[in-house]
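According to TrEMBL:
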| type | residues | note |
| --- | --- | --- |
| COMPBIAS | 1-25 | compositional bias 'Low complexity' |
| COMPBIAS | 43-54 | compositional bias 'Gly residues' |
| DOMAIN | 68-134 | domain 'MATH' |
| REGION | 1-68 | region 'Disordered' |
Amino acid sequence: MKPFHTSGVASASTTTTSSSSSSSPELRRPPPSSPGAQQPAGGEEGAARDGGGQQEAAVSVERRGSHSATCRWAVAGFPKVKARALWSRYFEVGGYDCRLLVYPRGDSQALPGYLSLYLQIVDPRSVSSSSSSS
């Protein structure tokens, strides 16, 4: 899958469907147990030990009924990104906290050398769910 490029900006979008109601997207800190979700290092918001991080980029969620949505995430300067992994802000779809996770040069456990894009859904049974985070 090739990313869409427009003047050094890459956009990723995904449509997700679930079985509950949804609300507005919010910024949430990734739970420590999530794959690819490293805690910020050195006190920098969004910086991570693996060279990745949360990008201060536009995330928009378009609701398509009560159980599905389309999320668009634009990362400025995507072709020049040196990070191993990037993750979007959290957004809620059908009562589940979700985010986009991208490996610009591919996930080493999947297909190295290709862009890897994942929709990560937080386990609602975990103690780090959005209802308990600040």
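Cβ atoms are placed via backbone N, Cα and C, with glycine included.
With DSSP classes pooled into helix, strand and coil, the tally for the domain 'MATH' (68-134) is 3 helix, 28 strand, 36 coil. Confidence annotation: the domain 'MATH' (68-134) carries a mean pLDDT of 82 in the model.
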